[in-house]
């Protein structure tokens, strides 16, 4: 603190440390006295030295020439105010509202009324109250098991103090737990049904407290073997079902593929239908070849017997007019008329000439 240049002006408030919770309002006192010798204009200035010590002192509010200026420091703009409406009365105290962690630091009050000058410092600490505390069991709540009771606040400035209590039954904590009643974690060994009940955990620091409740039910061990066996059987059944579905799908695909292949093969192997005209011609040609070696005397008898053997289905006669009957010429007459037998080549099934 700077020494007073005159005994006439002095700040009566001692230097002090103030702790407040985040979101609350901090009152920073600065009261002074004047003497008749202090005739100059009154100037009051508040500065902040941030806690990181990397920033220079910054003016946060100023009174000069009967006017107040409070827009110097952006982080505190609109949150710092003089508490007195008449600063000449000797009260330069301020309020800092809606405290944030960034408000932590050393605040300095400077008062000047020539020839008197004086200043004092106030250390402000902003703490976070415990909040969002959660109580839970870490482990299986079964007889004979080991597990933990945990108490965890979502936020809260250190140091934190914990206190466990039993609210139900005899309201007495189990003897093995007494050493951990002020710990955030209680380790339970070889649990018994007597441990069942409702418990509370209270978390405290210098600016506030929070509490949570926990219901503990220690029950007999479950049938783990049956549970495991059921899980295994269910898994096997699922695998079998999947295998059956895959098998059926593959079988169906093979059947469809086989049907397509058979249908394709049948269409390729079936030969084109024979031309009835070519069949008849080949038949007549073969008979004419044999006629060439026969004499006219026996040709008539041969024609009657051989031509009658030609299948009727191999000839497709064109429709004739009902008034005109087809003329028949015997083989003997053909020979007398000077006709010469001609051999017509026959064709095999694959189209080659025989």
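The backbone N, Cα and C atoms fix where each Cβ goes, and this holds for glycine too.
As annotated by TrEMBL, compositional bias 'Basic and acidic residues' applies to 258-271.
Annotated compositional bias 'Polar residues' per TrEMBL: 275-304, in sequence order.
Per TrEMBL, domain 'Ig-like' is recorded for 3-125 (among others).
What TrEMBL lists as domain 'Ig-like' is 130-205 (among others).
According to TrEMBL, the feature region 'Disordered' maps to 258-304.
Residues or ranges marked as transmembrane segment in TrEMBL: 228-249.
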Helix, strand and coil residues within the domain 'Ig-like' (3-125) as assigned by DSSP: 9 helix, 59 strand, 55 coil
Against which stretches of its own chain does the transmembrane segment (228-249) lie, if we need a Cβ under 8 Å and a gap of at least six residues from its ends? none
Counts of helix, strand and coil residues, the domain 'Ig-like' (130-205), according to DSSP: 9 helix, 33 strand, 34 coil
